[in-house]
Structures are given as structure tokens and as C-alpha cells.
Ligand code: HEM
Ligand SMILES: [Cu+2]
């Protein structure tokens, strides 16, 4: 029979360990790196587990030694300090021994890391190439081999929704089992397109192009976000990838291209649009692209983003050309982006019309796509 | 009045000048040290208040307290205040107080310069505070400084006028640090008492010697980088603008060429304190004194050449990345050596557990842990997953709070009797230790998990999957913040009275390579050594 105290202790221990494991079982990955869903991230995940385990063992050793010392070398226990300890053989050789042990652990880790690093940096031929452009505060995806462009904006949800800050209106669609290359860049400040399940991160730098890649192994939706501080909207830049089978991917491409062609035809026609049409379209464009900074009520954020309601540009008939120019070309040195390359003539015409007629603005002009074409 | 009579006058009274002039015009290393320490204490509460705001905002998902830009401004200034306003001045205060006394010098080598390097600090603090309010008080003030303490362009070029104040604050802080460092190096090299060879110096003096050299080497680089930033902002240059032929990544290289050695600037003085505290309370000389001195030198040197491990995701060549990875992993060698030396100093010793020793033991454990996560981060492909997540925040707080801040606390408790002539209340000291240590772990341990699960750093709002970890973190953070009121109380209580401290308050403080401070009464006289002590 065990003594009573030991029984209590072992019961406690067993309960504790069971609790730990049961809680880990159903939420395993909330404590760890997200489960990998590509060949490359799987390799990285294994590397991560290697260093974690080595680290845990080292911590156990250090903690063990300290606890042993605390128990045995106490003044209260009458321990007598060994004033010559550092002069013994151990004292004379420890400064070599310990570094050699640490070095060998280091080299084990470094060699395994180095080979994974070569996989990350391999530049094999890709099946699909996507250019990922970060801008304040959304992602734009351009398929380099197909004429497809996706603009991914935060989908506004309540803070109680499971997908709060994790969902976008238009995700990137990719095929599984293909090598996908990402070219990363930015149109304004540094951003960092990160989805841990499928890619190792590289930052998006304005004026430069970085590269990373994936080969997704499982269909599904993968969520990440911006990891480089990019200012006001940094917390509101989710990145979502929908991975589908190659056949579904091909079908999706066909439908998508048809939709885009239709929208483009509509925008470039020299059609003259009525006010109601322009206002409705303008509000949609505004909500998607401008609202994050200039706010729903057009008041902006004082000192940070200028108000459009009653502004010297948007509410002044003499300043129409200036208004169009700032939307098309942006304003250097501020968060105001150049929308010319991102929106078509119709969208810009509509949003400028909307801004001049909403929130009590009385400038009143209707701007047509052909005006924008002329201003570009 | 001739110089000679002034001199005599001083000697007659052996007392400090009276009134405000004693402080404002001070050239006395102890008075300047005291001012540094009080300045640091003030900044601890200032930076701490910002941390409390950050944790309150992150308590739940949703933006509750202020705008995202204000939040980012607080994250930026919390770091700048804690690093430049708290840790560095506190360490410099200890250097001022202790180095001359330890090496048997009458004062610092350049006392008037010493006065200047202190008074630049309050000026910089005022500039920093202005940078926070500037966007709100100037019409068209632009955005607050929302970049994080790394001030990365192009975002920092977009910021409003607050960024200019931040840049000037950094210039001022930099000048102060460089002047103080020159003074310390000169003092150590020239003012040692006869017989005090370099290899007889207490470890704290060595630690500051390397710290000062590092600062002299890297501070000018930061100053240059922010000056270039200033030019990009106002004078039409494009150092960091690709459109004008510049490179945004250049700033990162310059910043981290300063920033990585800076981490050792924060760490080394505290390691120096540990090198005195652990032997004292283990009653046994430091194990491997020489190895530690060389280890610190190697650490400082290696620290200068691995800066780009903060930038693994910028897209470097494979060769460069491999170099920075291996270099960084190798840092674990001097760090491991250091920790080993401390553990084997305790081995076969005879330990008692006064407050400084408790902090010492906790530092060894928690700093080892920071080293372990550091090696994980050094591994490039894995870091491409960890980078800019809360995992990094957890890592550097485990490095900085035990490695730098707790080391300073250990120093404060170790030397309070010497500084004030009174013993502090040991019971309260121990309560403070347990309170901070437990709440510190409660605050930062969960951040490893939320970081691995993917929560980015520097975000004002997060998705609900991270709620639990952030709530625990916030509760821990508030408790950690609160514990510092006890710290303040203990210090005030000790200054105002308490048991009279003997010249050697700690039984073991004369073992190994002790400094000469223990040969002086507590508190030491206004002019520490009027005659040079001789060491046999
Ligand atoms: C009550 C104590 C503290 C709390 C609750 C706290 C909390 C935080 C938080 C929440 C962040 C922002 C994380 C993010 O980037 O999203 C942060 C950043 C930081 N803290 Fe602390 N902190 C404390 C004490 C300290 C101390 C004492 C130091 C310095 C020795 C320090 C140095 C830093 C640094 C360098 C950063 C990085 C800021 C950046 O990169 O923008 N902290 N802290
Ligand atoms: Cu971003």
C-alpha cells in the first residue's frame, strides 16, 4: 500500500495530465502552429517541432539542475561553500565542454534548417503565377497567365462572429496539387501577405518584387492576414485563399473571365449614365474602397484622413478637375492611393459623382466614364 | 575666491552643496546616478501606463478605447520609453553610482560631461511627449506615429508632424547615450585605483565596458538613419523611396544594425549585476570569471554582425540568409556559457534567498527560456511563420523583462542599503518578487500560443479565436503593472528610514572579485575616495 500522501499526489498528477491531454486533443492546433496544408509548410512544421522538442529538453535540464542546486546547496541546510570548486578539473574545462555541447546541438538544427531553406528558395517552374499586391488596406491578386484580377476587401462582421476579421468579399482561388508561385509587391507601404497553412512569409515592398510559393495538398479555405504594420487599417486586412480541385479551378476561371469581360465592356462604352445609376454604383465603390479611411458619413478622421463632406475639393464646382485627378493619381506621401490603375473608368466616374452629391455636398456634377478616360 | 580656497571649503564640510543647485549643476557621480535612477523610475510608470492601455484595448475583440492610430502610437512609444527612457537610464544610473566606487575612483573621468548627458534625457522625454500630442494640437497634424518603434518607411514618411518630434527625441537620446558611454569607457580605462587590473574588475564594470563600446559603435547609425528619414520627409530626398531610386529596406538594415546590438546594451548591464549577486548569495566566487568576460566580448562582437535576423522575410539571397541564420544560432554559445557559469556558481555553494538572489535565480530560468525561443526564431524557414506574430512579442519580453528589467531590480535591492544607508524591508521585497514573477509569466506566456496560432503583433483588434489568451495576458498585465506600486513604496520606505545598513550588508559580498564599494560606509561620503585605495 502506498502511504496516503503519495496516493493523493498521484491521483492529482493523473487528473492533471488527463485534463491537459483532453483539452489539447480537441484544440490541439490552437496551441501550436496552424496545421500545414502544403508540401513546403509541412516541411517547415516538422522543423518547428524539432526545435520545440530540443528546446523543451534543454529547459527541462536547466530547470532540473537549478532545482537540484536549490535543494542541496542551501545555507539553511548547513551547506558549506566549496571555495575551490572553480579550480577543479571541471572548472578548468567547463568553458570548452559546454560550448562544444551547445555547438553540436546548434549544428544539428542548422543543417536541417538549411535544407528546408533551400526548398523555400527553390525556383522550379510554376504552374500558376499570382501577383499579390498589398495596398492600404486590401489585397489585389493578378493571375499572370490569365487576364483575371481579384480585389479582396475585409468583409464587415460583428465582433462576435467566428470569422470576425478573418473573411473577405472576394477570396483568391487556387488549384490543389499544382505549384503556385506568388510575386509579392505593394503599392504604398510595407505589407506582409501571410497564410501560415500554405506559405512561408515574405514581405510586400513597394517598388520591389519578392517571391514565395506553395503546393497545396488539401482542398479548403485558408485564412491569414497582413503581418507588417501598415498603419491605421493594419488589423483589418485578412487574406483568404480558397483551394479547389484543378477541374473546378478551370471552370471557375472560365466563369470569372466571362464576368470580367462583361463588366469591362459596360465600363468602356461611351454610354451616358443617369444620376441614379451613377449614385448607386458610386456608393458601392465607395463602400468597398474608400470607406475605411473617409468613413461612411464622409467625415474622415480628423487630423488623419480628410473629410469629404463639405470639402474644398468635393463640394466645389471649380475643383472638379482636381477631384478627378486626386482620385486617379492619388496624393504622394499620404495614404491616399492612386485608384487609376485599380478601378475602371465607370467606377471612378461613379464614385466621384457620388462624393460630389452625398452627405449634403452640393457641387452636383455628373461625371461620365469618358471624362475619366480623358483625365487619365 | 581662488580655486584653492573653494577646494578647501569643500574639504572642511565634506558635504554636498545645498538646494536645487546641488542637482542642476551637479558633477557628482552619485547625485547624477540618483537623478538617472529617478528619471528611469518615472519613465517606468509612464511607459507602464501605455502598456496598461494596450492590454486594456486587447482585453476583448473590437476597438473599444481609442482609434487604431492612437493604439499604434502607444505601441511605438511604449517601446521607445521603456528601452531609451527606462532600461538604459536605469543601467546608466547604476553605472554612475557604482563604477567609480568599485574601481576606487574619486568620480567619473569627465564630470561636467556627465551632467550634460543626464540633462539631455528630460529634454528628449519632453520631445517624445510632444510627439504624442502634436498631431492633435497642430492643424493638419497628420497621423500619430503609428509605425511601431522600428519606424519603418514608407509608413513613417506618411506620418504627421509627430514623427519629426520622435526623430528629434531619438537624436537627443542618442547624443546622451554616446556622451555617457565615452565617459564610462574613459573612467574605466583611466581612473582605476593602483593595483586594480582589468582582470580584477567586478563583472558589472566589465559588462558596462562592453555596453559602452557597443553604444559608441551603433548609436550613430541610428542617428544617421533617422536623419535620412527626416530628409525624405521634408527635403525631397528619396533614400527610402523606390520611385526616386531609393530602397525602403535600406532603413531596416540601418535600424537593425543599431537595433540588434541594442538588445545587448539592454542585457549586459543586468548580466553584470547578476555576476555580483549570484556569488554573493551563494558565498562562493563566480565560476569562470574569465570565461564570462570573454563570453561577453564575443557576445558583443557577434551581436554586431547578425542584424538581418530581424529581416528574414525581406527576400535576401540564399547565401546571405544562411549566413545570418548560422551566425544567430551561434549566439547561443556565449549565452549558454553565461548561464552555465551562473548555475555552477550556485553549485556547491551555500545559498540564502534574499530578494536580489530570488530575482537572480528567476532570471537564469526565464532568460534560458528566452534563449530557447530565440534559437527557434533564428531558424529561417520557421521564422517565416513566426515573424511579426505575438510569438516574437513573447520572446523579446522574456528576454527583456528578466534579462534587463529584473536584473535592474536585483541591482536596486542589492545596492539600496549602500545607496541609502538603510536596509529595505526584506518581507516586502520578497512579496514584490513573487508578485512580479508570477504576473509576468501570466502576461507573456500565453502570447507564445496566440502567436503560434497566427495572431499578428501591433494590431488593435483581433478575431475571436485569440480571445482567451488575450484575456489571460491582460489580467496578468494589470497585475504586473500594479506590482510596481509596491516597488515604489519599498524604495520610498527605504529612503526615509529603516534599519541602519552596515558597510557590508551582505555576508558574501567580499568573495571573488569584489568592488571597493564595500570598503566605504553606507551611505558613502559625498566624495567617495579622497585618497586612492591600494589593492594588493
Ligand atoms: C507591464 C509590463 C508590460 C506589458 C503589459 C507590456 C506589453 C506590451 C505589449 C502588449 C506590446 C505590444 C505588442 C505588439 O507589438 O502588438 C509591447 C511591446 C513592446 N514592449 Fe512591452 N510590456 C511591458 C513591459 C515592457 C518592458 C519593461 C519593456 C522593456 C524592457 C518592454 C519592451 C517592449 C518592446 C521593445 C516592445 C516592442 C514594441 C514594438 O515592436 O512596437 N515592455 N509590450
Ligand atoms: Cu498591410
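The backbone N, Cα and C atoms fix where each Cβ goes, and this holds for glycine too.
As recorded in TrEMBL:
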| type | residues | note |
| --- | --- | --- |
| DOMAIN | B:23-536 | domain 'Cytochrome oxidase subunit I profile' |
| TRANSMEM | B:35-54 | transmembrane segment |
| TRANSMEM | B:74-95 | transmembrane segment |
| TRANSMEM | B:116-138 | transmembrane segment |
| TRANSMEM | B:165-191 | transmembrane segment |
| TRANSMEM | B:203-231 | transmembrane segment |
| TRANSMEM | B:263-282 | transmembrane segment |
| TRANSMEM | B:291-310 | transmembrane segment |
| TRANSMEM | B:322-344 | transmembrane segment |
| TRANSMEM | B:356-380 | transmembrane segment |
| TRANSMEM | B:392-416 | transmembrane segment |
| TRANSMEM | B:428-449 | transmembrane segment |
| TRANSMEM | B:469-492 | transmembrane segment |
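The stretch in B:74-95, B:165-191, B:291-310 that contributes the largest number of Cβ pairs under 8 Å to the transmembrane segment (B:116-138) is B:165-191. Ranked by the number of CB pairs under 8 Å to the transmembrane segment (B:356-380), the listed stretches B:203-231, B:263-282, B:291-310, B:322-344, B:392-416 are led by B:392-416. Taken together, the residues of the domain 'Cytochrome oxidase subunit I profile' (B:23-536) have an average pLDDT of 93. Between the transmembrane segment (B:35-54) and the stretches B:263-282, B:392-416, B:469-492, the greatest number of Cβ pairs separated by less than 8 Å involves B:469-492. Non-local neighbours of the transmembrane segment (B:165-191) in the same chain are 76, 80, 84, 88, 92, 95, 99-100, 103, 105-106, 108-110, 113-114, 116-118, 120-121, 123-125, 127-128, 130-131, 134, 145, 151, 201, 205, 208-209, 211-213, 215-216, 219-220, 222-223, 226-227, 229-230; each lies 6+ residues outside the stretch with a CB under 8 Å from one of its CB atoms.
When each of B:203-231, B:263-282, B:322-344 is scored by its Cβ pairs under 8 Å to the transmembrane segment (B:392-416), the top-ranked stretch turns out to be B:263-282.
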